[in-house]
Amino acid sequence: MKVALIVCLVWVMAMMELVSCECWSQADCSDGHCCAGSSFSKNCRPYGGDGEQCEPRNKYEVYSTGCPCEENLMCSVINRCQSA
């Protein structure tokens, strides 16, 4: 009985952690992060660094596979951040 209670408690804590990373819009994310993912599972992710996967910035701030690049970097035609 005690083991089941502990397992349930750990599971609830893990679910709370997952929910805290979810986002619905850019406003839900802290500086240096964007809201990206599928319609059903968006998470705050860090902006892309040099050589990392990216999506070009858009006026709707809707991203599916990754975030735009950090400042002073641009998203290339192969969706990788590089020097501007």
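Residue 1 is the first one shown; counting continues down the chain.
Any Cβ shown, glycine's included, is placed from N, Cα and C.
Looking at Cys21, Cys34, Cys35, the record from Swiss-Prot puts Cys23 in a disulfide bond with Cys35. Take the candidates Cys44, Cys54; Swiss-Prot pairs Cys75 in a disulfide bond with Cys54. Disulfide annotation in Swiss-Prot: Cys29 is bonded to Cys44, selected among Cys8, Cys44. For Cys67 (disulfide bond), the same-chain residues 6+ apart in sequence whose C-beta sits under 8 angstroms from its C-beta are His33, Cys34, Ala36, Arg45, Pro46, Tyr47, Gly48, Cys54, Glu55. Ranking the disulfide-bonded residues Cys23, Cys69, Cys75, Cys81 by the distance of their Cα atoms from the Cα of Cys44 (disulfide bond) places Cys23 first.
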